[in-house]
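Asker: A single structure is presented below for examination.
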Amino acid sequence: MSNEFINFEKISRESWKTLHQKAKALLTQEELKSITSLNDNISINDVIDIYLPLINLIQVYKIAQENLSFSKSLFLKKDIQLRPFIIGISGSVAVGKSTTSRLLQLLLSRTHSNSQVELVTTDGFLYPNQFLIEQGLLNRKGFPESYNMELLLDFLDSIKNGQTAFAPVYSHDIYDIIPNQKQSFNNPDFLIVEGINVFQNQQNNRLYMSDYFDFSIYIDADSSHIETWYIERFLSILKLAKRDPHNYYAQYAQLPRSEAIAFARNVWKTVNLENLEKFIEPTRNRAELILHKSADHKIDEIYLKK
């Protein structure tokens, strides 16, 4: 961490876990296992030490959002309208964004039992493969130019205004957008938006996605650790793909282990590391909270914007 984070307060895990006094995790070990991504590692103790204090912090921000909305409505002499509380979660490929997002969705559902808590990933706003091929962008998939940012911003605008919104659905099994399939959202109380690009902005857009966020999280780790996690995840995906000839990764499933590792390492260095260093990591100081992971996936440091 550098002077880039002068506006953040660094909090150790030991200090952070004292910010929530309850010892009950609100979910079972089986539930935790079911939402943990391939090769990620999270324990009930992590839920208690890290995520329960985080739920408390989100509640602080939600109350502040509601109070501000109420006061603005009075000032403008307009009817009071409760808007969805939107949480953005960003970080590198293979850093554990999906696990964090699903865990927060579950915990928010448990702590706000009468609330609708939804989750959307920005993968659905990638351009379809055919379009990327036609534009010569398939090898840039995941980079800023491969996303339909206008559609994504329109989606967030509809959500923020309490309107029904629809998001395309992406499948990692086919490595593409699923044709004619949409995920619908009808004015949820909470919306979690997860993706590598949630703090980014293309040059031709005046809006940032983060303009719509009420709270935001960046999952951080040393790039050498993320590389290891990426390769481990790739090998796990290949094991699963052996059982499904229609899976996109089935074409790599018969590679000898050494070749599979070499292939994954090359993809990491030529695609994912470049994307991380040029476009993802430089946006992390836009987050309200940074969760830093050590080599064993455990969150060891927390950075909260002052």
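Easy rule for this one: first residue shown is 1, then count along the chain.
Cβ coordinates are placed from backbone N, Cα and C, and glycine is handled just like the others.
Relevant sequence annotations retrieved from Swiss-Prot are reproduced here:
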BINDING   Gly91, Ser92, Val93, Ala94, Val95, Gly96, Lys97, Ser98  ATP binding site
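Just tell me what is around each of these and how deep it sits.
Answerer: In the three-state DSSP scheme, Val93 (ATP binding site) is classed as coil.
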Asker: Can you check which residues sit near Ser98 (ATP binding site), meaning Cβ under 8 Å from its Cβ, same chain, 6 or more apart in sequence, and list them in order?
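Answerer: Non-local contacts for Ser98 (ATP binding site): Ser37, Thr121, Glu194.
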Asker: In sequence order, what residues of the same chain, 6+ apart, have a Cβ less than 8 Å from the Cβ of Ala94 (ATP binding site)?
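Answerer: Sequence-distant Cβ neighbours: Asn39, Ile226, Trp229, Tyr230, Arg233, Asn272.
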Asker: Using a 10 Å cut-off, grab the number of neighbouring Cβ atoms around the Cβ of Gly91 (ATP binding site), all chains included.
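Answerer: Taking every protein chain into account, the count is 29.
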Asker: For the recorded ATP site, whose residues are Gly91, Ser92, Val93, Ala94, Val95, Gly96, Lys97, Ser98, find every other residue on that chain with a C-beta no more than 8 angstroms from the centre of their C-beta atoms, and list them by sequence position.
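Answerer: Other same-chain residues with Cβ inside the cutoff are Ile196, Ile219, Ile226.
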